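Chemist: First the structure, which I've put down as structure tokens, then a few questions once you've had a look.
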């Protein structure tokens, strides 16, 4: 069940749309934050350079006016002296860049010094002192790197945390919408399985989901009314026609016993009687289905064993299989005790077996298997195409276009109705070759 929900979430177009929106927003945020990041680093670098130039200009003025001691006194008294690194370079020792310190103009460009002896990596300028030596004024590069590190952390959190939050919000929104849509899908599936009295819950907010539920409920109500009228009309017609057709059948039987009727007409009357019997059986079957589906016929259930019912159905159908030289096998893998109506189950199982015999060629093989879930009837006949399997379970549907076999398409419809009464279902699948029909009971005594 959890995997199914995950699969639904992965396939959700709503989630994909929200994720694409989050990705687009993430790219826009990343672009803006990158611009802000670059600008912040550039401005901070310019501020450091401005600090250096300001300090250099001040000390240069002091050195020119008052001398080296005044420069030293100014450095000691400055509240911002801990911001800078000061170093005296004379002409006898190499500079931190392995070139003469005099190569750096006073209060000019900011140079990037590499670490030299006890000097750290720094950005620095020089001040020429009255004695010819040079005062190197620098700011530790670690200050810039520390700011960059803090900015990196802020940018990363400011970019990925909102993106992750957006993705989580997108998933929550998708789950909420899918939950509402799944209620609609589940209701529609129940309608497709034959339930007509189900309705969707309509909330007080009357949002788009409530409006959808309201419209679907109206549609289901109209469908239920139309279907009920159609079924009632069909049953009424069948009921009204059954009486006059029964009388016609009796009159035909009277003619059959009339000695004055020639043998030729006797044969014709027998064919007419046979056709009338099939027609009456069809009307009776339609009325029975109607009453079963609508609860008009009480169904008395008792504890019974499915394997015993299957054995009785096979014994009843075996002569027909022998006429077609077919092999009919029964395998009881496990007992299957049920709380059911034995008569209805017998008819359902017999209809499935009879259907397999009818549409399997002469000399074919039909295998009946009973397990703890129900019964399987598998044959190697012509089978049913996948697109026609659902339709084959409807009333008055025949998939034999040539109509070479007797019947009016009520057998599988009766099986479907009986299984529904017993909280089960019938499934049709391919037997490669042939058809594999399973009567699956969701509730058995063992369960």
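Keep in mind that glycine also has a Cβ here, set from the backbone N, Cα and C atoms.
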Chemist: When TrEMBL marks a stretch as transmembrane segment, which of 155-178, 179-202, 203-226, 227-250 is it?
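Modeler: Here TrEMBL associates transmembrane segment with the stretch 155-178.
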Chemist: Among the residue ranges 14-37, 38-61, I'd like the one that TrEMBL describes as transmembrane segment.
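Modeler: Of 14-37, 38-61, TrEMBL gives transmembrane segment for 14-37.
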Chemist: Below 8 angstroms Cβ to Cβ, which residues of this chain, lying six or more residues outside the transmembrane segment (14-37), approach it?
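Modeler: Long-range Cβ neighbours of the transmembrane segment (14-37): 151-152, 155, 158-159, 162-163, 166-167, 170-171, 173-174, 177-178.
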Chemist: Take every residue in the domain 'Histidine kinase' (236-445), average their pLDDT values, and give the whole-number result.
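Modeler: The predicted confidence over the domain 'Histidine kinase' (236-445), as a mean pLDDT, is 81.
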